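Student: Just lifted these from Swiss-Prot, have a look:
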REGION    1-506  region 'N-terminal domain'
MOD_RES   Ser158  phosphoserine
MOD_RES   Lys170  N6-methylated lysine
CROSSLNK  Lys256  SUMO2 cross-link
MOD_RES   Lys298  N6-methylated lysine
REGION    309-452  region 'Disordered'
MOD_RES   Ser428  phosphoserine
MOD_RES   Ser429  phosphoserine
MOD_RES   Lys444  N6-methylated lysine
MOD_RES   Ser482  phosphoserine
MOD_RES   Ser485  phosphoserine
DOMAIN    515-691  domain 'Helicase ATP-binding'
BINDING   Asp528, Glu529, Met530, Gly531, Leu532, Gly533, Lys534, Thr535  ATP binding site
MOTIF     642-645  motif 'DEAH box'
REGION    1040-1096  region 'Disordered'
MOD_RES   Lys1047  N6-methylated lysine
REGION    1114-1238  region 'Disordered'
REGION    1307-1372  region 'Disordered'
MOTIF     1373-1385  motif 'CSA-interacting motif (CIM)'
REGION    1417-1481  region 'Winged-helix domain (WHD)'
Amino acid sequence: MFHEEVPNSTHPQEQDCLPSQHANAYKDMPVGQENGGVSEAGECLSSTSCEYGPSTSAEACVLAATRRGPTLLHIDRHQIPAVEPSAQALELQGLGVDVYDQAVLEQGVLQQVDSAMHEASCVAQLADAEKEYQSVLDDLMSCTTSLRQINKIIEQLSPQAASNRDINRKLDSVKRQKYNKEQQLKKITAKQKRLQAILGGAGVQVELDHASLEEDDAEPGPSCLGSMLMPAQETAWEELIRTGQMTPFGTPAPQKQEKKPRKIMLNEASGFEKYLAEQAQLSFERKKQAATKRTAKKAIVISESSRAAIETKADQRSQVLSQTDKRLKKHSRKLQRRALQFQGKVGLPSGKKPLEPEVRPEAEGDTEGEESGSSPTDGEEEEEQEEEEGVASLSSDDVSYELKPLRKRQKYQKKVPVQEIDDDFFPSSEEEDEAMEGRGGGRKVARRQDDGDEDYYKQRLRRWNRLRLQDKEKRLKLEDDSEESDAEFDEGFKVPGFLFKKLFKYQQTGVRWLWELHCQQAGGILGDEMGLGKTIQIIAFLAGLSYSKIRTRGSNYRFEGLGPTIIVCPTTVMHQWVKEFHTWWPPFRVAVLHETGSYTHKKERLIRDIVYCHGVLITSYSYIRLMQDDISRHDWHYVILDEGHKIRNPNAAVTLACKQFRTPHRIILSGSPMQNNLRELWSLFDFIFPGKLGTLPVFMEQFSVPITMGGYSNASPVQVKTAYKCACVLRDTINPYLLRRMKSDVKMSLSLPDKNEQVLFCRLTDEQHKVYQNFIDSKAVYRILNGENQIFSGLVALRKICNHPDLFSGGPKNASGPPEDELEEEQFGHWRRSGKMIVVESLLKIWHRQGQRVLLFSQSRQMLHILEVFLRAHKYSYLKMDGTTTIASRQPLITKYNEDTSIFVFLLTTRVGGLGVNLTGANRVIIYDPDWNPSTDTQARERAWRIGQKKQVTVYRLLTAGTIEEKIYHRQIFKQFLTNRVLKDPKQRRFFKSNDLYELFTLTSPDASQGTETSAIFAGTGSSIQTPKCQLKKRTSTVLGTDPKCKKPPVSDTPANAATLIGEKPKAAGATGRSVTSGESGPFKGDHDTNGNRASSVAFGEETDAGSTLEHLSVMSGDGKHSDSPTVDHTSRPPVEASTSEKQGSSYAGARCQAQTEPVPMSEQMEGQFSKYKSKRKHDASEEETTEKRPQPKQKAKNSKHCRDAKFEGTRVPHLVKKRRYRQQTSEQEGGAKDRSSDDYVLEKLFKKSVGVHSVVRHDAIIDGSSPDYVLVEAEANRVAQDALKALRLSRQQCLGAASGVPTWTGHRGISGAPTGVKNRFGQKRDSSLPVQHPSSLTEKTQNNMKKEGKAHTPEHFSGKEDGASVSGAPSSSSLLARMRARNHMILPERLESDSEHLAEAAAVPPCGTEHDDLLVDMRNFIAFQAQVDGQASTQEILQEFESKLSVAQSCVFRELLRNLCNFHRTPGGEGIWKLKPEYC
């Protein structure tokens, strides 16, 4: 044992600075090496803050230090100069002790610690450098291989680029890719040199194995080149990212986390740990005894007061109910007066403001934040901030008690704040008991106190440490150490094992991606779909940083582990973040910078304290703006924006405030990173990675404008292709920094139930229709259209009328004010005067009977009030939350609804209840009115369909047909398509609808025969839930020449009618806007067509002139998806002929009549419609005669409202026009059959009741089921057809004529045209860079297997192998190689250099076939020999022959093949004839 003595008597307070515990620590304490960094032992001795988490005890420091690792650092006292014996104090001389000067001793100890740290750091750095060097070598090899492959492509394309403009564009793109690879190679080389310098050059110069570079290596990632030449690999790459198996940087997630045993603890610390555990156990027992005594006393008091409370409870409840009813009635009168004032306000000229701003309807702020539809405004953010600030004062008195110690709460619970109960906030039926017993009663359950109070934080941390020690002792006794093995990543990053193993696999991948961003000193957008646990991924990553104790390079190494972190989020979810942090990683000190926080002193001091202790500060977007100077004064390690799309306006004050943090570590969490336009995406990316997308003007000019313009219906082919290329480049640029997984991709991991989302088009009531039409015809709208008035007020008025006419007109008897004794129907806001409320009434009645629970969202608080009155009148239990609900009250309401299953409805405004709120207690969602911003409605939907939901979720979006709401829905779809084009699929088809100002102020009244404008736009997408139409039935019967019983049509008409849709080109679509709606409303035009019918419906093209095309004919692609619309562009095409319209309308008349007249149960119709219609379409001559018929409906009455109702399941349904159903209905699991039947029952009841349901649309089928853009598909089909024809022409030239008597090569036998063995090709002038196949080397079985397995048996395109190595292993016609070469014109043009050269080498070098060769040969042979007239065939003959042979994917190619193979003309009788061209006869 040694001693240190300090002779300096002038500092007596420092005499005992080294107690025995610390002296032992000097001597024996291990200095742990973790990940290349050695902790400073001196800090543990001189500070009370433990490096292992934010513990505050020195004992915890020692405990943490002993866990660091087995490496020990012994302090060598002999290296520290001691005080000479002659210089020692007299009383110490002769005692034989060593005396040290304190300053010298501390300096010596620190020098030894620093030296040890430096040595350990060097060792770790070398180890990391060696590991990183191996990775660099792999990257270098991969990059070099890619460059060689690209050079081969350039060599193949260069000779043809001068003569072929298409190939020239591809060559330019490949050269750009080569430039990118060269830049990447430079960076890799520089990194290699840096690592070589670190390693000292010893054994580092590893020569690249050139032979290995010739092996088959894949590209390191998808790119623009991959988008064009490597579709198969790109799809696989994106699928791995979407399903959470790989990060965007290409790092795959390990299949199974390696179990690593925990390091054995040192014996020196075991006794100390036991002491801590004993003390903790004693303390726990003492507190338990005290708590038991307090509980007993409290129970006596409660039992005495419970009797009196029970006796008065009934009287109190009845009193509150009557008071609430009076308040509701008073508020209704107030809304009536505001409605009258609003009517005058609508007509104000532009530039003038209302005289009384205080009477501005409150719903406007909630409703029209995105009215412009294209770009957000400062008003939206400012409005939310004002809302937060306004309610903050209401909640300050009520909240402060919650976050104080428990003993102070009892006093505060008795206080009922007067500010919360005003004219704008009404407690629901479930809140009234709480209001009488004390407003704070419910908050104790859900609210989680933050760590603003440091004493509370220390107490909570001690509890957590005690529990950890107890749990660890249990594991040690059971010898179960492997369960907590940490998850280790590159460069020493570790996540605690108990935390990491609780994450889903895709969440683990998200943590890995966040670490990759951290290493690159870059930010990112975690854009997982709402409800996939973005919060948990962030907490796990931050916990890993704190746990790993890694120095951050980008912060000058000033932060060890995790530095101060700030999280900005909506006020509704601030305390939800606190709860999640305390649950998943309690060591963090998490404080809320807001009025609802527990910190009672100055906010500036709280910020300073959190920065000092490296804690987590949670605040709102309004506080970021208000306290910008105080917050940005400090250096923050991480800045995280929850619901980061709040900064989508690049010029807003809150956006500029968020972008002033001095840190590269910026993370955005957003389930909808792009909502309206590309300008918003730029704003988000400029926050996480400033400069990545350049400046905003350049980005808008080079990317936003081309991509947006290419998405409109009237875009030219050049604009469409330009938009595609720009979208590819933009997607490749942002992909590494945007991680987005969808629920549909990770559904199996989450075990999420199914979601059924439908759009119910509701008919206006007579009163609504009258008010709507009167307003459209008014002078106010006239002034808007002339530019004299602002459009904003007019749109607000239209939306109010759609919700409820009383919101605009003030209701009946508004002149004299509503009397007290008025009739129920004449009350303000009565539900029978609104078409959508009639539907809501029926839905709620059915769901209440079924025991479902409902979320009811509305944009407007005024509408929410009317719905509240409606719920109270029908005696439904409910809760309500809107902008006036205090921040402190929101989380308790959410918790109460999730836990109390007796509450039926939760009323919410979309903006308040749509962000970060978890309402999985509900399984039915009604979105009462749409928002211009599609993500707003999506956020509301995701409140129920998220992790934790166990039941199937049904979502109904309510829209009024033919009104402004339908236009809003169209705008939502356009924005969603634009988002998909950038984030998902650059080939996303265009949205075939563009509104102008005049269209917004129109009203259409679609009936059963017309359908809605939406049904016309999205015809063929498989979204329509069809219902028969009596008007259409009569018309088609007349066209077909049949009686009303829908007897068998003439056999000759059936294929001819189909041929009209299939081959004959209508002159235009503008005149068929309505007829297409009716013509495609039969079962075959939806998602129930057979493959043959669907393929044939778009397969052929009968042209009236040589220059015409079939673009607009592609109403439906081969898989039933919408490729182009015949209803949109009314100006670009000539009018339609009457005969064509009739034929289109009657194409499937037989099947439609069959559907009308056959009574089938609804479940059978939904499940088995596909097979039924398939058989009926092909054999309608026999089956339609035997089907039981129902009588025709009666003649239409004078009242058009009632005469146009359609029939469903044989029953007339009021207000029904048609119904759509989800096209993948038949593929759902059998386990969801009960839920589906429940939804079907609801729809059936809606159609049977006298409700305002007009039609039903599947929203998911429109958003997710869209096919690629028609122009891109047609261009691809044309290229494939041209290549196939060239291959056929070359093959024909190789065959001998009939006079030779030589059999033609069949693949097995024959001589004529058979390729000879591969000749020695040395000395030839042509470039022989492609493999040659000897067909005789492949048997038929082998060829069939290769066709099925595709690329499994074929070499990769970028294989790098020599040509001779693949002589006998050439790919089949169905392989990816053949498709890529055919698509990029890398084979055939060089074989057409000259006829002589081609004839000389035709036998030796056969053309590389495609998968359409057999189809082309069959078509040619049929038309040449098997039709009624050799050499030509009618459309009907072609249909009958190939209808059953065509697959869905072959439809477009088949049409192009036919048009290139034959010439088309019509006979005098109108029959279409296809005649072989001379070169193919």
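Numbering starts at 1 and runs along the chain as displayed.
Note that Cβ sites are derived from N, Cα and C of the backbone, with glycine treated the same way.
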Student: Using Met530 (ATP binding site) as the reference point, find which of the modified residues Ser158, Lys170, Ser485 has the shortest Cα-to-Cα distance to it.
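Tutor: Going through Ser158, Lys170, Ser485 one by one, the Cα closest to that of Met530 (ATP binding site) is Ser485.
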Student: In whole Å, how far does the CA atom of Lys534 (ATP binding site) lie from that of Ser158 (phosphoserine)?
Tutor: 48
Student: Output the one of Ser158, Ser485, Thr535 that, of all these recorded positions, has the highest number of other Cβ atoms within 10 Å of its Cβ.
Tutor: Thr535
Student: If you count Cβ atoms within 10 Å of each one, which of the binding-site residues Asp528, Glu529 comes out on top?
Tutor: Asp528
Student: On a C-alpha basis, identify the one among Ser485, Glu529, Leu532, Gly533 that is nearest to Ser158 (phosphoserine); the candidates are the recorded positions.
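Tutor: With Cα distances computed to Ser158 (phosphoserine), the winner among Ser485, Glu529, Leu532, Gly533 is Glu529.
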Student: Considering only the binding-site residues Asp528, Gly531, Leu532, Thr535, which residue has the minimal Cα-Cα separation from Ser485 (phosphoserine)?
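Tutor: Nearest candidate: Thr535.
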Student: C-alpha of Gly533 (ATP binding site) to C-alpha of Lys170 (N6-methylated lysine): distance in Å?
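Tutor: Just about 41 Å between their Cα atoms.
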Student: Have a look at the binding-site residues (Met530, Leu532) and report the one with the fewest Cβ neighbours inside 10 Å.
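Tutor: Among the binding-site residues Met530, Leu532, the sparsest Cβ neighbourhood within 10 Å belongs to Met530.
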Student: Note the Cβ centroid of Asp528, Glu529, Met530, Gly531, Leu532, Gly533, Lys534, Thr535, the recorded ATP site, then list each other residue of that chain whose Cβ lies within 8 Å of it, in sequence.
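Tutor: What remains near the Cβ centre is Gly671, Arg946, Ile947.
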Student: What number of additional C-beta atoms lies within 10 angstroms of the C-beta atom of Gly531 (ATP binding site)?
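Tutor: Other Cβ atoms found within 10 Å: 21.
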Student: Taking helix as H, G and I and strand as E and B in DSSP, count the residues of the motif 'DEAH box' (642-645) in helix, strand and coil.
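Tutor: Grouping H, G, I as helix and E, B as strand yields 2 helix, 1 strand, 1 coil.
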Student: Which one of the recorded positions (Lys170, Lys534) has its C-beta surrounded by the most other C-beta atoms within 10 angstroms?
Tutor: Lys534
Student: Tell me, roughly as an integer, the mean pLDDT over the region 'Winged-helix domain (WHD)' (1417-1481).
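Tutor: Within the region 'Winged-helix domain (WHD)' (1417-1481), the model's average pLDDT equals 82.
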Student: Taking just the CA atoms, what is the gap between Asp528 (ATP binding site) and Lys170 (N6-methylated lysine) in Å?
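Tutor: That separation, Cα to Cα, works out to 34 Å.
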Student: From the Cα of Lys170 (N6-methylated lysine) across to the Cα of Thr535 (ATP binding site), what is the distance in angstrom?
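Tutor: For Thr535 (ATP binding site) versus Lys170 (N6-methylated lysine), the Cα atoms are 43 Å apart.
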Student: In Å, rounded, how far does the Cα of Gly531 (ATP binding site) sit from the Cα of Lys170 (N6-methylated lysine)?
Tutor: 41
Student: In angstrom units, rounded to an integer, how far apart are the Cα atoms of Glu529 (ATP binding site) and Lys170 (N6-methylated lysine)?
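Tutor: Cα of Glu529 (ATP binding site) to Cα of Lys170 (N6-methylated lysine) measures 35 Å after rounding.
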Student: Does DSSP put Gly531 (ATP binding site) in a helix, in a strand, or in coil?
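Tutor: DSSP assigns Gly531 (ATP binding site) to coil.
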Student: Just how many other Cβ atoms lie inside 10 Å of the Cβ on Gly533 (ATP binding site)?
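Tutor: There are 20 such Cβ atoms around Gly533 (ATP binding site).
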Student: Which residue counts does DSSP yield for the region 'Winged-helix domain (WHD)' (1417-1481) in the helix, strand and coil classes, in that order?
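Tutor: So the region 'Winged-helix domain (WHD)' (1417-1481) is made up of 35 helix, 14 strand, 16 coil.
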Student: State the Cα to Cα distance, in Å, between Leu532 (ATP binding site) and Lys170 (N6-methylated lysine), rounded to an integer.
Tutor: 39
